[in-house]
Amino acid sequence: MNGTEGPYFYVPMVNTSGIVRSPYEYPQYYLVNPAAYAALGAYMFLLILVGFPINFLTLYVTIEHKKLRTPLNYILLNLAVADLFMVFGGFTTTMYTSMHGYFVLGRLGCNIEGFFATLGGEIALWSLVVLAIERWVVVCKPISNFRFGENHAIMGLAFTWLMALACAAPPLVGWSRYIPEGMQCSCGIDYYTRAEGFNNESFVIYMFICHFSIPLLVVFFCYGRLLCAVKEAAAAQQESETTQRAEREVTRMVIMMVIAFLVCWLPYASVAWWIFTHQGSDFGPVFMTIPAFFAKSSSIYNPMIYICLNKQFRHCMITTLCCGKNPFEEEEGASTASKTEASSVSSSSVSPA
């Protein structure tokens with residue numbers, strides 16, 4: 001094995017020289033230069049600095065403006081809540097441990113950080129599944145006269161949390177475990193060892209099939225059908241131009257969220273799967289650290305997508321920030337009006353975020 005396994009940790013360095021120490025008790029500066037830990041701490045501080053205000057603003061603006069409280073937005077707000085969980089439960093912990101060069105908060109801190117990081121990522125993924133199904137049902141109309149309403153949105157919220165907890169909670173109760181990974185200052189699922197009594201192999205296979213592959217297959221199926229339906233509707237001119245435009249804007253926004261999720265999480269998932277299927281192979285601490293910390297940036301991309309692609313949300317946000325006045329009122333007004341009109345013409349979910 002090209003690493004050192006100990007109680008609740010795996011350090012990617014063979015302990016031939018005797019310098020490997022527990023990441024819960026000693027700085028891990030023998031793995032990489034101390035400056036790298038300072039850089040990770042600064043990166044986490046940046047994510048907190050951006051992630052908290054932008055997600056809090058998303059929640060506040062939606063609560064403040066009644067016209068944004070649509071069933072579809074319940075799912076989008078769910079993402080903001082999950083991102084805030086990641087910021088407070090995960091990012092603050094990782095920033096603190098990076099500044100010390102090891103997981104100074106011990107096993108409890110590792111469980112907290114690993115749990116919130118996994119929970120946030122899974123809520124994001126299953127929220128995208130619910131959004132994809134909603135888009136498919138609204139645009140493709142496999143169920144005639146179906147209208148996505150408040151009850152459906154609440155059921156969707158409950159579903160995302162149930163599925164996310166089904167992935168994040170088992171390592172807390174003995175099915176697999178959370179251990180420090182990479183440079184040993186952030187925690188994740190144990191892909192690295194076959195530790196006796198934890199059944200890591202069965203959990204990792206379960207997680208990759210039920211909580212990664214199947215959700216992505218559902219998303220790809222829904223959007224494959226959706227793109228075909230949009231082209232057919234445009235060719236047949238079955239709906240008004242205003243409704244079609246609103247449908248396209250919502251669909252484009254959600255597709256961008258799916259792409260952003262894949263960009264953030266696919267490298268981490270790929271590296272984790274490689275480590276799991278090549279246990280004992282030689283790899284450095286940075287090999288897992290870079291994709292793991294890159295995945296954490298997912299907490300800021302969803303609200304940025306709302307702001308960039310959703311004119312109605314952007315209009316409400318500017319109004320809130322400018323104390324009830326929008327200096328770009330004339331420019332934004334027409335777009336907002338068209339969105340409101342589209343919302344009344346089509347399904348209640350047509351008006352995005």
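Each Cβ is built from the backbone N, Cα and C atoms, and glycine gets one as well.
The compositional bias 'Low complexity' annotation in Swiss-Prot covers 334-353.
The disulfide bond annotation in Swiss-Prot covers CYS110-CYS187, and the record cites sequence analysis as its basis. CYS110 (disulfide bond) falls within a helix when secondary structure is assigned with DSSP. Listed in sequence order, the residues of the same chain lying 6 or more apart from CYS110 (disulfide bond) and placing their CB within less than 8 Å of its CB are TYR8, TYR24, PHE103, TYR178, ILE179, PRO180, CYS187.
The N-linked glycosylation site annotation in Swiss-Prot covers ASN2 (among others) and is backed by sequence analysis.
The N-linked glycosylation site feature in Swiss-Prot is assigned to ASN15 (among others); the stated evidence is sequence analysis. Listed in sequence order, THR4 are the same-chain residues at least 6 apart in sequence whose CB falls under 8 Å from the CB of ASN15 (N-linked glycosylation site).
Classification of ASN200 (N-linked glycosylation site) by DSSP places it within a helix. Within the same chain, residues at least six positions away from ASN200 (N-linked glycosylation site) with a Cβ under 8 Å of its Cβ are SER176, ARG177, ASP190, TYR191, THR193, ARG194. Under the heading N-linked glycosylation site, Swiss-Prot lists ASN200 (among others).
DSSP assigns CYS322 (S-palmitoyl cysteine) to coil, not to a helix or a strand. As annotated by Swiss-Prot, S-palmitoyl cysteine applies to CYS322 (among others), with the evidence given as similarity to another entry.
Long-range Cβ neighbours of CYS323 (S-palmitoyl cysteine) (same chain, at least 6 residues apart, Cβ-Cβ under 8 Å): none. Among the features that Swiss-Prot reports, S-palmitoyl cysteine is placed at CYS323 (among others).
Among the features that Swiss-Prot reports, N6-(retinylidene)lysine is placed at LYS296. In sequence order, MET44, LEU47, MET86, GLY90, PHE91, THR94, ALA117 make up the list of same-chain residues 6 or more apart from LYS296 (N6-(retinylidene)lysine) whose Cβ falls under 8 Å from its Cβ.
Summarising the annotation, Swiss-Prot assigns region 'Disordered' to 331-353.
Summarising the annotation, Swiss-Prot assigns topological domain 'Extracellular' to 1-36 (among others). Mean model confidence of the topological domain 'Extracellular' (1-36) amounts to 86 (pLDDT, 0 to 100 scale).
For the topological domain 'Cytoplasmic' (62-73), DSSP puts the residue distribution at 9 helix, 0 strand, 3 coil. Per Swiss-Prot, topological domain 'Cytoplasmic' is recorded for 62-73 (among others).
Using a Cβ-Cβ cut-off under 8 Å and counting only residues 6 or more beyond its ends in the same chain, the topological domain 'Extracellular' (97-110) has close neighbours at 8, 23-29, 34, 37-38, 40-41, 44, 178-180, 184-187. Among the features that Swiss-Prot reports, topological domain 'Extracellular' is placed at 97-110 (among others), with the record citing a curator's inference.
What Swiss-Prot records for 134-152 (among others) is topological domain 'Cytoplasmic', and it gives a curator's inference as the kind of evidence.
Annotation source Swiss-Prot lists topological domain 'Extracellular' at 174-202 (among others).
As annotated by Swiss-Prot, topological domain 'Cytoplasmic' applies to 225-252 (among others), with the evidence given as a curator's inference.
The topological domain 'Extracellular' annotation in Swiss-Prot covers 275-286 (among others) and rests on a curator's inference. With DSSP states grouped into helix (H, G, I), strand (E, B) and coil, the topological domain 'Extracellular' (275-286) comes out at 5 helix, 0 strand, 7 coil.
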Pick out which of the recorded positions CYS187, CYS322 has the most other Cβ atoms within 10 Å of its own Cβ. CYS187
Could you check whether the transmembrane segment (153-173) packs against the transmembrane segment (37-61) - three or more CB pairs closer than 8 Å, residues at least 6 apart in sequence? no
Would you call the transmembrane segment (287-308) and the transmembrane segment (74-96) in contact, using three or more Cβ pairs under 8 Å, pairs 6 or more apart in sequence? yes
Name the range, of those listed as 37-61, 111-133, 203-224, 253-274, that has the largest tally of Cβ pairs under 8 Å with the transmembrane segment (74-96). 111-133
If we call contact 3 or more Cβ pairs under 8 Å (sequence gap 6 or more), are the transmembrane segment (111-133) and the transmembrane segment (37-61) touching? no
Is the transmembrane segment (253-274) packed against any residues at least 6 beyond its ends, judged by a Cβ distance under 8 Å, and which are they? 121, 124-125, 128, 131-132, 135, 188-189, 191, 204, 208, 212, 219, 223, 287-288, 290-292, 294-295, 297-298, 301-302, 305-306, 309-310, 352-353
